[in-house]
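*Asks:* Annotations per TrEMBL:
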| type | residues | note |
| --- | --- | --- |
| SIGNAL | 1-28 | signal peptide |
| DOMAIN | 4-127 | domain 'Ig-like' |
| DOMAIN | 142-231 | domain 'Ig-like' |
| DOMAIN | 241-328 | domain 'Ig-like' |
| DOMAIN | 335-440 | domain 'Fibronectin type-III' |
Amino acid sequence: MITPRITMTRMQFGFNFLLLIAASSINGNQQISKSDALKLTPEEEMAHFVNQSRMVTCSHPDHPEVRLKWRNPKNAIISETKGRVHIEDKGDSLALIFEAIARTDQGNWTCEVDVEGTATATEGRVTVPALRKSFKMIVYEPISFRDTNTVQTAVEDKDATIRCEVKGHPEPSVSWYFNGQPLFFSNNGRYSKLADGMSIKKVVQNDSGEYTCKAFQISATGSSFEEKTIRLNIKHKPYMPPWKKSISDAYGYVGGMVNLTCEATAEPPANFSWSANNKKLTPKSHIIYNGRHVSMLQIMIKTSSIFGKYKCEAKNELGSVTQEIHLKEGTKPDPPSLFQLRGVNSDTLDIDVGATKSHDIPPDPTTVIGYRFELMPTDEYLKSRSWDHASRRDFDVADGATYLLVQLIPDTKYLIRVAARNAAGLSDWTEVKEFSTHPVQPHGTSGSSAQPTDVCFKFVWLLAVALPAALSITHHRFADLTKGRF
């Protein structure tokens, strides 16, 4: 009799279960199991860069009537329907939208069932457990340079900081280069690496140049490289060029003109001022030309009272330097006694002025130290009858040298004049002479018909371009070439 009792118990249980289902159907209530899962689209963990956009939807596939909500990594509910991060109800899903991803968005974002909202919306017909599902947002920040000026300054003899603030996530590694060469950092060295750049101890003028800040970033999705080049200028007081003396001599002659030159490198560039006999010379009363690191005082020597001491001061915010020039009376040189043509081709004239170099030590201020040539096509001169637009060529003197006037127009007549130069200035011009260049030889002309002077002048011209010293070829060697003795 035991067996029938068990059978009746099972039957009674089944009957009671059917009654429960029937009662639930009659009341309209629905029980959702915890085994039902929420679905995220896309499901995979994804990495993004800042300012990118993304949308993730959350749904309950079997029960679209279930109400959902999103929480950020700080567990705060996202309720905004507009803005950089907001939600949008798609009917059967709830979308989480990032219009512009920020670094602070990194972390776990969670979608969960809104139990109370579901009960309210279904008027209690649906009973749902507290289901939830999360995804991890990984945010990368590309390399960027902040507060990094491409031109920066430092002061001589003081410690300097070159700013190069590199941002990024993962954090980039930074290396430094100076004028293309890598810099190495040590605890006891002049260079130190900082979080927002690098420092240099006791900067000097040689520290000026280009510093390159190179950033390298490695992440799970790949690698990237960026660089920034910074020009460092060293602010310093004015310095005269090392070959310049603080006191120097200059020469001129009554009726002539002289240029007194004052040079000083400085950062920022120096302001130049001139004085004579403790009186300041101004552009209103004198001709003064100022450049970035140079100033020139042009003096017309009308009387001997012009000779004397002239002082130039170069000054900036960090200091000053003074140069004194003694303007002495010299002798006006004589014009060249010899002025003749030694050779010619289609674009070159070779002129002999009887140059002789003095080897006196110290040099005599009356000695000729160079020559100035002025030349212009005859046709151009006849239009204006003026030498204002003439081409000017200056040469230093050399023993027995002849002077090549190159890059001329073929088959053209030129008017040429010459003046000698010594420490006091230029001589009067020689008489004007007219010389002509040869026509260009047709391509393929045989060697038998070509003129030796043309061939040899081409050779000399090439030397003049490749080797400036060739401009001082001696007259004797040049004569050998033009005579065809190779």
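Glycine is treated like the rest: Cβ placed from N, Cα and C.
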*Asks:* Helix, strand, coil: count each for the residues of the domain 'Fibronectin type-III' (335-440), based on DSSP.
*Replies:* 7 helix, 43 strand, 56 coil
*Asks:* Using DSSP, how many residues in the domain 'Ig-like' (241-328) fall into helix, strand and coil?
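*Replies:* Counting residues per DSSP class in the domain 'Ig-like' (241-328), I get 3 helix, 55 strand, 30 coil.
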*Asks:* Determine the mean pLDDT over the domain 'Ig-like' (241-328), rounding to the nearest whole number.
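*Replies:* So the average pLDDT across the domain 'Ig-like' (241-328) works out to 94.
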